[in-house]
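Feature list (source: Swiss-Prot):
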ACT_SITE  461  active site, proton acceptor
CARBOHYD  70  N-linked glycosylation site
CARBOHYD  131  N-linked glycosylation site
CARBOHYD  164  N-linked glycosylation site
MOD_RES   325  phosphothreonine
MOD_RES   495  phosphothreonine
MOD_RES   500  phosphothreonine
TOPO_DOM  194-699  topological domain 'Cytoplasmic'
């Protein structure tokens, strides 16, 4: 223990024991301390590493105390290193005095071991200083180097092991952090995907309820009118079609044949249910086109957003379930009262109705007893189930029962028809931007029917009174009662001629060959109405001139000199963009070409109206020649030909009606309470004036 305490007072103690040897040993040891210091300086890294690592090394060096015996037995160079190391360390107290912190850092046990080794080395060193006076230095150096090389060799592994462990820990921590971060990112991505899917489903449900409009004013739900509109949505989904105000000849609710409505036993509705003779009775079973003109888009239903109790439990999602009872529709229209009458025609009447949930609808009642009406009812429902477009009027539901009652329920459009604003008594002049918007919207709806539906759909009755307007004056094509399906591989469909005078394509009126170009011609006539403000026929001249015959040379003149004065509606007062007017005039002139092959597609007209195509694209390689009168000169067309053909066709149809060849011929009152005469022939029957759209509807 005295020796254990001597390290603190080690500087004075060493000189007395062996004055001669210390110098030599010290000299030799003095040379050794620097390396030892250097070795120690290299050894600090182990201490810097975990403090536990160095002690085991010292403890591993402490067990070799038997090594001194080996050193005493022989002065082998291999054995001395441990004792010499211990001796060098035992004789290095003075240097340790300068570096006690290092040894204190290494542990107190090391100093104690050095002191114990010092005593052993002292006894052995005293006996062998003379003999080993010169030899020890080399061994001591070698021993020092070897001894220190061992710790050096040991130290790096410990430091490496520490660094490896620390690096492993770092890698483990980094891996854990990476996994956590990846899991967090994956979780966030999954949440975002769920949110997106939810929004898409929500939007889809809204679109399903009101497929044509992005804004559905009615909350989706199964309460109140929501079920009703879900029916509509499902109806439109299954129908994939915006149901237009389609007039389908099907036995109307109460009425048998004839114009008078027979009071229907079923309806106990609120208003007095009376026969419908009140509306002006159409002439002998006339093929009057009932245009549910006010079929409103979903936009028009905005004010009725609050949901109310459903109209009837039978009203549920899906077209098959979007059926109404006759009592429900009679109640919605106040017993089909005259106050709710929107229009009448050869196939029945159109009334405005309000469902219990506040939704406004247009109810078309079809007359009973007509096989043609039944077929057209089925055709309209079939076609409506195939289409889905925001510029086509949508069908809400229908009523069909064993009593022969056939009713179609459409969305209600508040702004009536294009005909009403152009030729009716609206009291306002439609400005040019609105006219252009209506032309473009109806062109898109018609292009969808021709080019996006398979098989394609030919409307057969495009006219101003079948273009319905929502509260934003967005156009909706209506009335698919005459529409025909045409396979893509069919060049044309041979069918009975149906339509309205002034809009019929010449090849269709003369031969009954129906193609999508027949609709293009009718659309061209409607464009001329928007441009000129005139009707399709000139009633003042007893149909001597049609709008097509009158406007064609003016359109050609506009193309030459750019003068619109005679052609453009004077009520516009030059408030229009010349380049927009030029595009519409070019589209109209190309659409009413006498030859169907030379007319453009509806998609070409859409692009031209939007300004995405040049006017030359409408010609599609066709360069019309100029006649001396300024009209289009071609081998199959001469001035006045269209009007002459229409007069001939009218005569044939009127004669067939007079002889009773078809019960479907007759007078028509265009949609609306104040129908105009633009697309109808003025006829005086029994002292009363009614308008006839001589639609040839064969049995």
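Including glycine, each Cβ sits where the backbone N, Cα and C put it.
Structure coloured by features recorded in Swiss-Prot.
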residue : record                       : DSSP class
325     : phosphothreonine             : coil
461     : active site, proton acceptor : coil
500     : phosphothreonine             : coil
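Mean pLDDT across the topological domain 'Cytoplasmic' (194-699) comes to 68 in this model. The modified residues under consideration are 325, 500. Their Cβ neighbour counts within 10 Å are lowest for 325. Between residue 325 (phosphothreonine) and residue 461 (active site, proton acceptor), the C-alpha separation comes to 30 Å. Cβ neighbour count for residue 461 (active site, proton acceptor): 27 (other Cβ atoms within 10 Å of its Cβ, all protein chains included). Note: the Cα of residue 461 (active site, proton acceptor) and the Cα of residue 500 (phosphothreonine) are spaced 7 Å from each other.
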